[in-house]
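Visitor: The structure's right below; bear with me while I get my questions together.
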Amino acid sequence: MATYLVLCVVILKLATAFGSTPNDTLNEACGGVSLGFGIFQDICPEAEAIIFSWVEKAVSNDPRMAASLLRLHFHDCFVNGCDASILLDDTENFVGEKTAGPNLNSLRGFEVIDAIKSELESVCPQTISCADILATVARDSVVLSGGPAWEVQMGRRDSLSASKEAANNNIPGPNSTVSTLVATFQNVGLSLNDMVALSGAHTIGKARCSTFSTRLQGTNQNGADINLDFAASLQQLCSGSDSSTTLAHLDLVTPATFDNQYYVNLLSGEGLLPSDQVLVSGNEQTRKIVETYAEDPFVFFEDFKLSMLKMGRLGELTGSNGEIRRNCRSIN
C-alpha cells in the first residue's frame, strides 16, 4: 500500500507539473487511496524536518503558538474534514471560514503555515499539502510542549472550497453541555472517549474572558461546579475595562506543558471553560474517563494519540480529489 500511495503521488505530481488534469484512468487508479505513513520519505525526505524547524522556532518565540497551531488542525477537521479549508482567505467572490464565529479574532498561526509552505514549495513543489502541514504542526506542537509523539499519516489533499456556515455550526462552543459535545463529535465520526481525550488539548493555551464569563459565578447555567478561590481569581483577572480581550490560561498550573494536569484541574473544579468542567459534572461516563486520565498520564497520552490519528482521517481528500495548493491561502 505504501508503494502504491507513493506511485499515485508521483503520477499526480507529474500530471500537475506538465499542466495536465488527472484523467478518468488516474481517478480510477488513485481515487480510492487512503492516508499512509512515510509516503513522502522518498520524494520529499526533508518535509517533516522543515515543518518541525518552523514550529520549533515559532513556539520558542511564543509558547502560546503551540496551542494555536494545534487548534488550527481541530477547527479545520471539524468542518468538512481535514482539508485545509480553514486556511483559505476571503476574496471578492469567495467566503472562507476565517470570519466564522468560532474563528474570527481567535485563530492564529497562519503566518507560520505560510512560512512552512513557502519553504516546502521551494524544496518539493506541489508535493506536501496544506492539510498535511496542519496535521504535522499539530503533532509537533504537542511534542514541543512535552506531550506524546506519534507518526502522522500523510497523503491528504487540499479543498477547493470552504464553508463559513459549517464552521459556525460544527465547531463545539465554550458553553456546550456534555450532550452537545457528544453529538458534535459523533456527527463527524468521533466517540465520547475521543471527545474527552481530545479535550485534553486544553492543557495548553489561553482563552478570552468572554468565553468563560459564566464560570465567574459559583456555577454556570449547566450546573458545572467551580472552585470558589478559582472563581475569585478569574473575577479579579476579568474585572478590567478591557476584559473582553484579557486572556486566561486554560491550565493555570502547567500552562505551557502538555500533560494531564487539565484533568486534575477538572476534578478540583478548576476547569476554565464551561465545556471543560461539564466533563466532570455533567455525565458519569465522561467523569470516569477524566478520573482515569487524571490518575495516569500515560493512558491519556495513548488515547490522545489514537484520537488525533482518528480525527486526522476525517473527510480526507486523497487520490485525485482536491489539489495540492501552492499557497495555502488560495486555491491554485
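For all residues, glycine too, the Cβ spot is worked out from N, Cα and C.
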Visitor: Choose one of Cys44, Cys77, Cys82, Cys130: the cysteine that TrEMBL connects to Cys124 by a disulfide bond.
Guide: Cys44
Visitor: Of Cys82, Cys130, Cys209, which cysteine does TrEMBL list as the disulfide partner of Cys328?
Guide: Cys130
Visitor: By a 10 A CB contact count over all chains shown, which of the binding-site residues listed here is most packed: Thr203, Thr254?
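Guide: Result for the most crowded candidate: Thr203.
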Visitor: Pop the Cα-Cα gap between Pro172 (substrate binding site) and Thr203 (Ca(2+) 2 binding site) into the table, whole Å please.
Guide: 17
Visitor: Among the disulfide-bonded residues listed here, Cys130, Cys238, which has the most company in the form of other Cβ atoms within 10 Å of its Cβ?
Guide: Cys130
Visitor: Round to the nearest Å and give the CA-to-CA distance linking Cys77 (disulfide bond) with Cys130 (disulfide bond).
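Guide: Given the Cα positions, Cys77 (disulfide bond) is 12 Å from Cys130 (disulfide bond).
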